[in-house]
Amino acid sequence: MSYKYIFLLSAFTLGVPPGIYCQGRNEVVVDYNTRRFLSGVSELDRSKYFNIHSTSDDDKDVGKFLADYQVGLGRKFWGPYSYAYNKTHEVGKYPQMKPYSGNISVKRYIATEHPYVQHIQGGIDVQAAGAWSAEYYSNSELVPEFFEPLNEPFVHANDAGFTVQGQAMRELMVDFYASIGKHIHNNPRLNGKMKVIGYAAAYPAWEDGNFNYWNTRMKMFIDRAGAYMDGFSVHLYDGINVTGTDTKRSGSNSEAVLDMVEAYSYIKFGHVKPLAISEFGGIDNSKPDDSYDDISSVRSVSSFNHFLFNLMERQDNLFISIPFVSDKAEWHITAANNYTSYSAALFIPDNPQNLKNTTWRLNDKKYFFELWKNVKGERVDITSSNPDIQVQAFKDGGRLYIALDNLDDNPQTVYLNNKNSWKDVSNVTKRSLYVNYNAGIEYTEQNVPSMPESISIVPNQTIVLVADVSSSAFTNSIIRNKYYSSEYLKPISAGSSLSFPFTGIESGSGRASLRMSIGRPVSASKKPVVKINGTAVSVPDNWKGYGQSNRNIFFGMIEVPFDIQLLKNGDNNVDITFSDGGGHVSSMILQVEKYTVSTLQNGTFSEGLSAWQPLGNYGTVCVQTDNAGNNVACISGHAGLMQRVDMESGRTYRFSADVKTEGACKLKVMLQDMSTGTVYTEEFSSPGNYKAVSFDFNSTVKKVVCAIVCERQNDAAWIDNIVLLPQN
């Protein structure tokens with residue numbers, strides 16, 4: 001590998017051209033020749049996302065659905081404490097298990113139990129309770145992969161019947177968890193087979209009470225039981241789950257919720273323990289009960305998709321996630337419930353008063369699974385200029401999947417870009433799922449002749465584009481790593497700088513961003529001065545999801561992109577300063593995405609001239625922005641721009657850019673070895689209008705790349721969207 005350089009030289013004018021790449025537009029860029037990794041993981045693991053709350057794979061209808069849609073089992077309410085109470089009818093008293101010394105099989109689902117007085121009570125011996133769970137499972141032929149001992153326990157800490165109430169009851173519940181984890185891990189027949197997770201937080205409003213809720217719930221749980229847990233479980237809902245206010249967690253709030261757990265896990269244990277999202281979705285409060293309705297019961301599907309995009313970015317640190325969809329839920333279809341189905345049910349009976357003689361049909365929740373049916377493969381590099389447009393992309397051999405989700409409250413137009421202009425993409429199918437609040441789910445599949453230049457997407461709509469692609473091989477990789485600070489939950493004082501150190505950073509060619517999570521009054525500033533190793537960077541005015549104006553406290557993650565060249569290998573520091581006081585910075589995480597084969601940096605000039613070195617004594621170089629927010633490089637006279645690039649010898653590279661020229665100006669692109677003078681040259685011109693230009697060349701040892709625009713002093717040229725990538 002050798003160092004290469006790019007130069008851009010041209011003429012300059014004060015006129016601002018209409019750009020073809022507009023920062024004010026929703027730009028989604030897909031590079032399906034670059035494989036994307038989350039740490040060491042690239043392939044989509046469907047078993048972590050597409051599950052239902054059922055273990056009834058032996059049911060004919062359920063089994064067919066699981067097979068047809070590639071869906072897994074999720075969660076079941078049954079475990080050692082339900083079994084014990086059925087035998088002894090006394091909480092804290094456990095029966096003698098029949099010894100079993102045969103092989104233990106593991107089934108992938110979560111076993112959990114209700115926080116009832118039959119299972120836990122003040123005064124119980126938590127060590128005996130933990131020992132019983134290990135005895136129960138070690139003498140079972142089949143065990144669940146995950147055990148979440150109590151479902152949403154803390155919101156029931158004041159329930160009638162408990163002899164201990166409030167925080168004392170929550171601490172007892174945590175010690176109950178810790179004992180279970182300790183005894184299961186210490187049992188040689190279970191250790192390595194079962195994972196204990198908790199605490200199944202129903203209401204993860206960490207910011208409440210100036211983060212007292214965090215300190216007395218999840219932090220307390222991690223401090224007292226975290227060492228015995230394999231992972232931490234949280235429930236994510238839009239709407240009200242048991243308690244709280246009717247707000248949206250999808251978007252920046254859920255990002256901040258999970259980032260805080262990860263950040264403290266790193267501080268406490270030196271590594272991040274995995275997450276389990278054992279329930280997620282949306283809760284509709286328009287009905288007084290939990291009975292099924294064709295309209296209100298399917299509104300949760302938009303939330304399924306909103307949260308799913310968040311969780312897909314966490315696969316490397318995720319055990320499992322389960323949208324809140326059950327199977328037939330026959331337990332709910334009783335005379336007491338007027339023979340209605342459960343709101344979360346996926347199957348509806350034609351003859352509810354005689355379940356032994358009925359036909360079951362899938363309701364419209366099936367379209368969530370239809371939308372994602374057969375989506376699989378390796379992640380590919382995809383970016384969105386608007387955080388409200390969530391994106392994912394995968395390639396499975398010659399099949400490409402591009403997924404878009406709209407978190408915004410308004411319709412959006414998304415422009416789809418690809419460095420090859422989609423030339424090797426064909427047979428495009430557009431899958432669309434839209435949740436109409438008053439009419440239910442509208443699902444369509446449409447064949448389109450080619451990849452659309454732009455696509456419209458309304459609120460609560462998710463689109464999956466499925467296409468054939470002839471270039472099935474990957475020519476580059478981009479690896480995303482997260483780095484966690486030793487500091488978190490720092491109070492904000494007006495004008496006082498907060499410092500967050502990071503160690504072990506590996507920088508390079510690629511992208512970088514700061515995941516800044518804050519909890520402060522909704523009227524307070526969300527735009528501090530942020531410095532990366534002493535250099536100030538721009539903080540955006542937009543973040544994922546809504547503005548949280550219906551909350552007293554804004555709690556959300558704001559992603560701050562910056563030039564990766566501001567990072568150093570090794571130790572780095574982030575400093576932030578707010579102009580006003582109040583609230584906390586809850587977590588700060590550095591996200592670095594690094595190419596294995598180096599590429600040009602800041603080819604869209606979104607960060608001004610950063611990463612580019614101006615050249616020449618007889619001209620001027622600058623970046624100008626038009627009224628629509630389009631950034632382009634403007635170069636005058638005998639001047640230019642240079643950027644060093646790492647390239648590999650023996651590979652074919654493609655240089656591409658969008659160029660506009662005036663007068664007799666020509667774009668001259670030179671590939672030059674600075675030590676030997678070896679030169680490869682191409683010339684292009686595009687008077688008056690932007691034109692996409694490109695060429696391929698073979699790299700040799702110590703070759704240097706130079707891009708030069710004409711040296712005429714009285715003409716003008718603009719350049720944007722510069723890309724240099726290997727093709728083999």
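Just so it is clear, glycine is given a Cβ too, placed from its N, Cα and C backbone atoms.
Remember, it's a predicted structure, so these values are computed and weren't measured experimentally.
What Swiss-Prot records for Glu152 is active site, proton donor. Annotation note: Glu152 (active site, proton donor) sits in a coil segment as assigned by DSSP.
As annotated by Swiss-Prot, active site, nucleophile applies to Glu279. Reduced to three states, the DSSP call for Glu279 (active site, nucleophile) is strand. The Cβ neighbour count for Glu279 (active site, nucleophile), using a 10 Å radius and every protein chain shown, is 25.
The substrate binding site feature in Swiss-Prot is assigned to His53, Lys76, Trp78, Lys87, His114, Asn151, His235, Glu279, Ser326, Trp331. In three-state terms derived from DSSP, Trp78 (substrate binding site) belongs to neither a helical nor a strand segment and is classed as coil. Sequence-distant neighbours of Trp78 (substrate binding site): residues of the same chain at least 6 apart with a C-beta under 8 Å from its C-beta are Ala111, Glu113.
Swiss-Prot lists 599-701 with the feature domain 'CBM-cenC', giving sequence analysis as the kind of evidence.
Annotation source Swiss-Prot lists signal peptide at 1-22.
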Maximum Cα-Cα separation in Å among residues His53, Lys76, Trp78, Lys87, His114, Asn151, His235, Glu279, Ser326, Trp331, which the record lists as binding substrate: 31
Separation of alpha carbons, Glu152 (active site, proton donor) and His53 (substrate binding site) (Å): 15
Within 10 angstroms of Glu279 (active site, nucleophile), Cα basis - binding-site residues out of His114, His235, Ser326: His235
Rounded inter-Cα distance in Å - Glu152 (active site, proton donor), His114 (substrate binding site): 8
Local backbone state of His235 (substrate binding site), from DSSP in three classes: strand
Which of His53, His114, His235, the listed binding-site residues, has fewest other Cβ atoms within 10 Å: His114
